[in-house]
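Pasting a structure here, questions to come.
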Amino acid sequence: MSLSSLFSAIFPTVHADAPEEKAEKPPQEESQEEPAKEPQEEEEEEPEDILPALQEECTESAKCAPLAQHFAHCEEKVHAGEGYKGEDCVEEFYHLMHCVNGCVAPKLFSKLK
């Protein structure tokens, strides 16, 4: 017994182009089985997300403002085509977001219920 015949005996052969063998219900039966829709109850409004406001506040803080300016300068340089080939501002963005997230986290979790 070869290795391929062993695998064939254990695992069934599946063909990608073979049609699926599912028993489909006639359309008439499906419409009869649909449950009647109940009127929706009033949903509670979700509270406003405070994260974007906190991120903006922290981006403008004294601690993160220099990183934001450095990131903005990098973006301007890359979009103007003054950077080297393939340059992006991922590293600058990473440092900015690290600072912003460190600033936001204590404020955010203190305001959450």
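In case you wondered, yes, glycine gets a Cβ from its N, Cα and C as well.
Dumping what TrEMBL says about this protein:
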type	residues	note
COMPBIAS	17-39	compositional bias 'Basic and acidic residues'
COMPBIAS	40-49	compositional bias 'Acidic residues'
DOMAIN	49-113	domain 'Ubiquinol-cytochrome C reductase hinge'
REGION	1-54	region 'Disordered'
SIGNAL	1-16	signal peptide
Please give the average pLDDT for the domain 'Ubiquinol-cytochrome C reductase hinge' (49-113) in this predicted model.
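Averaged over the domain 'Ubiquinol-cytochrome C reductase hinge' (49-113), per-residue pLDDT gives 92.
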Taking DSSP states H, G and I as helix and E and B as strand, how many residues of the compositional bias 'Acidic residues' (40-49) are helix, strand and coil?
0 helix, 0 strand, 10 coil
